[in-house]
Amino acid sequence: MAADMRLPTIRKTVSLSASAFDRKDLVVPGDVITSDTGFMRGHGTYVDDDKLTASVAGEVQRVDKLICVRPLKTRFNGEVGDVVVGRITEVQQKRWKVQTNSRLDSVLLLSSVNLPGGELRRRSAEDELTMREYLQEGDLISAEVQSVFSDGALSLHTRSLKYGKLGQGVLVQLSPSLIKRQKTHFHNLPCGASIILGNNGFVWLYPTPGQQEEEAGGFYTSLEPVSLSDREVISRLRNCLLALAAHKVLLYDTSVLYCYESSLQHQVKDLLKPEVMEEIVMLTQQKLLEQEG
C-alpha cells in the first residue's frame, strides 16, 4: 500500500497588521458592546446591568439606533432575492420541499416554476400528476428566494431561464457566511468551467455549457460525457474552494479565480495538503490586496 510521507517544512510567519487585532466590530459571547442606553437591542444581543452585551460570536452591525450581532457561523437565514442551490427532498401536493441549508425546508410551489417549453398558463390537475417528471427526490436545483414565511421558511421560484434543474457537476457545501453578496452569483470562469455561488453556502461547479435551448424552460440537462480536461478543471476548482474555506477567505468570482491561478503549479491531488493549501491561499490574499491597493 502506497503511503504519502511529507518532510517537515519551515512555515513562513505572516505579519498581520495591528488593526486586525484591535477590531471593535468583532465580539464573543459576554462582550459588552455599549453601555449607552440610547441604543435598541437587536438579534444576538441582551441587556445585562444596563449594558448591551453580545450573546453570539460575530460582527457588530449598527443601523441608526439598532445594534445587532451577525453570527460568523450559522444556518442560512434567507432574504428575498437570494440565489440558492438546493436539493429536492419531497414531492407534495402542488409543491416540492427543498433542502437549502436553513433551519426549515424551503418550499417550491408548482405555480412558481416554468413549465417545460416555457408555456404560460394556469397549472392544471394534469400538471400536478406529472410533477415528478419535472423534479423528483434527489434532484439539484438553482432558485431564487421569492418570499419568507412567518416561521422563517423560504418560498422559492425558478421563473427565469437561468434557474432550474442542475445537470452534471460537483456540489460543494460550505458555510453561508463565506459567500460574498454580489449582483450576480452565476459566473462563467475563463478556465473553462462555470460556478453558481449560492447564498446558502452550496456552490455548484459545472462545465460551461454551449447554446442552451430556450424551449427547455429550465429543465434541460445535458447527459453527454464530460471531457477529462473539464473534469480536471472542476476538481481543481473544488479543491481551491475547500482551501479558501479552510482559511476563512470570502468567496466570490475574483478570489476563486486568483486561487485557481495560484494552484496551477501543483497537481490537483496535492491541493488538499495543509502546506500547499496555506501557500496558495497566501498567494491569493496577496493578489487580492494588490488589486484593492
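Placement of Cβ uses the backbone N, Cα and C atoms for every residue, glycine included.
Whatever TrEMBL says is automated annotation, not expert-curated.
Quantities reported herein were computed from a predicted structural model and do not represent experimental measurements.
As recorded in TrEMBL, the features of this protein are as follows:
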- 26-63: domain 'Exosome complex component N-terminal' (DOMAIN)
- 75-147: domain 'RRP4 S1' (DOMAIN)
- 169-208: domain 'K Homology' (DOMAIN)
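Sequence-distant neighbours of the domain 'Exosome complex component N-terminal' (26-63) (same chain, 6+ residues past either end, Cβ-Cβ under 8 Å): 69-73. Each residue of the domain 'K Homology' (169-208) gets a DSSP state, and the totals for helix, strand and coil are 3 helix, 19 strand, 18 coil.
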